[in-house]
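> Attaching a single structure in structure tokens format; questions to follow.
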């Protein structure tokens, strides 16, 4: 069964909408195979987003991701990655379709509520970054 990683970012955790977001995943037929709340360290955030290290927004992204707790989850189901990306909506919440997570819960392109894997290969690597295999069931 296909798996993908979801991160509910600090802005959405602070708004106390974690349950509403997780409910969207389950209502769309995705199973939450693993989930945990944690505080990323600067080293964690830099390592996770290393692919963006040369980009001008990298420093701000890292600072944002360590600004409060996050909720990381492994979502599982048929076409899990594409389904999650559809549920999230466009990166910029102003461009996100009505009813998507970002349209409903995000404030800006930076504080955009959620992260989702953008390829199956990245999903595998991102899941392994946060979860041991025995934690996923």
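Glycine is treated like the rest: Cβ placed from N, Cα and C.
Sharing the feature lines straight out of Swiss-Prot:
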{"type": "ACT_SITE", "residues": "115", "note": "active site, pros-phosphohistidine intermediate"}
{"type": "BINDING", "residues": "9, 57, 85, 91, 102, 112", "note": "ATP binding site"}
> For residue 112 (ATP binding site), which residues in the same chain are close in space, meaning a Cβ under 8 Å from its Cβ, but six or more apart along the sequence?
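Counting only residues 6 or more apart in sequence, the Cβ neighbours of residue 112 (ATP binding site) under 8 Å are 9, 11, 91, 92, 93, 102, 106.
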> Far apart in sequence but close in space: which same-chain residues, 6 or more away, have a Cβ under 8 Å from residue 57 (ATP binding site)?
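Counting only residues 6 or more apart in sequence, the Cβ neighbours of residue 57 (ATP binding site) under 8 Å are 110.
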> Of all the recorded positions given, 9, 85, 102, 115, which has the fewest Cβ neighbours within 10 Å once its own Cβ is left out?
85
> Which three-state DSSP class does residue 102 (ATP binding site) fall into?
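Where residue 102 (ATP binding site) sits, the three-state DSSP reduction gives helix.
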> Going by DSSP, is residue 85 (ATP binding site) part of a helix, a strand, or coil?
helix
> Between the Cα atoms of residue 85 (ATP binding site) and residue 115 (active site, pros-phosphohistidine intermediate), find the distance and write it as a whole number of Å.
9
> Tell me the coarse DSSP state (helix, strand, coil) of residue 115 (active site, pros-phosphohistidine intermediate).
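Reduced to three states, the DSSP call for residue 115 (active site, pros-phosphohistidine intermediate) is strand.
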